[in-house]
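Asks: Have a look at this one.
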Amino acid sequence: MKSALLLLVIALATASTVGDLTQRLSNYAEHPFGSSMINLVSVNMKTGGSLNELKQLLQQIKDELIALTQLQDSENATFTRRSQVDLAKLQATLEQAQQDLDNQRQEQSSLSNELTTLQTRVKEDQAALDRNGRGSSDAQSRLDAENADFATKFSDYNDAILACKEAQRLLLNLRGEGASLIQLTQDTKTNLIQTKENFQKIKEILEAHTKKSSLTLFQPIIEGLAEMTTKVNPETLNNVLSLVARLITALQEGQDQLEANHKTQVDNLSRLGDDLRNEKQTLQVSLATANNRLKEIQSRLNELDGLINISNAIVEVTQLNIQDATRINELEDQEYSNQKVSRQTEIDIVDRLIEYINQKLSE
């Protein structure tokens, strides 16, 4: 309504009054609001309107402009506070997302290093487990070979000892209890002939041992036994008996030493086997633990890949939101500043017009 009235009044204004006011408001003559207000005052004065009423109207316009300015100031302050809160929230979101991203990348790097270490450890444990298996197999083979070798040698010793004892028994029978070889009876000579086959068997056993023994007593005993299968020689018989007795002792000692050595070797190999079994168990536990940890790390790394993608997206979107909000704030600030200047100009124009009316009233 006021706008229609204002346009009507402006259309009826005279050039002379406009010229006078334009001269007084030369700084605002080109201003749209200034031009309108100059026309308003000019028309009012030209038509003989009341200057007091015109002054009241101008004061009312000024009050409305001041009220509008205050409203804009309040709205701008509210917008600024709200924008600051929104920006603070966005900044907090950005900082949290960046912190999450840093933490996730640090965890990813740490887990990747642990993964590499564990993969090396798994390879080493597996290699050690393979060596352990070969060592266990070798130890068992050595133990089996030791047992077989011992059984063979122990049996050989038994055969040799039994052969020597049998030879000793036969020789003692030939010599007789308290009788000399010169006084041998026909029965004894017959007995000697009957023992030929026994001597031959004993000789074969001892010859077999001669090939695998370092004992030098075997050879003269064999030769003496061979000689006595054809004739009785007292000196040879006594020598052979002496050698047989010494050989029995030596064989028995050798067998005892063989048994002791075998026990030591078996104990050593058994301890080695126990150590290898314990090592195998430890390696298997270590390997299983490492493999389980590898699965956990790989699962967490896969999860982190997704989390890092999400955090990256949050960072990017939040940065864009902050840029947009900052740009909007800058535009709003510029608009507010422009409105502030424009409103103050309008108030200044009204003040000049009021001064002009006051001047006219005082004339």
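The backbone N, Cα and C atoms fix where each Cβ goes, glycine too.
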Asks: When you get a sec, could you say which of 196-223, 280-307, 308-335, 336-363 is annotated coiled coil by TrEMBL?
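Replies: It is 280-307 that TrEMBL annotates as coiled coil.
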Asks: Could you check which of 122-142, 248-268 is flagged in TrEMBL as region 'Disordered'?
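Replies: Comparing 122-142, 248-268 with TrEMBL, region 'Disordered' matches 122-142.
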Asks: Other than its close neighbours in sequence, what residues sit by the region 'Disordered' (122-142), given a CB gap under 8 Å and a spacing of at least six beyond its ends?
Replies: 269, 272-273, 276-277, 279-280, 283-284, 286-287, 290-291, 294
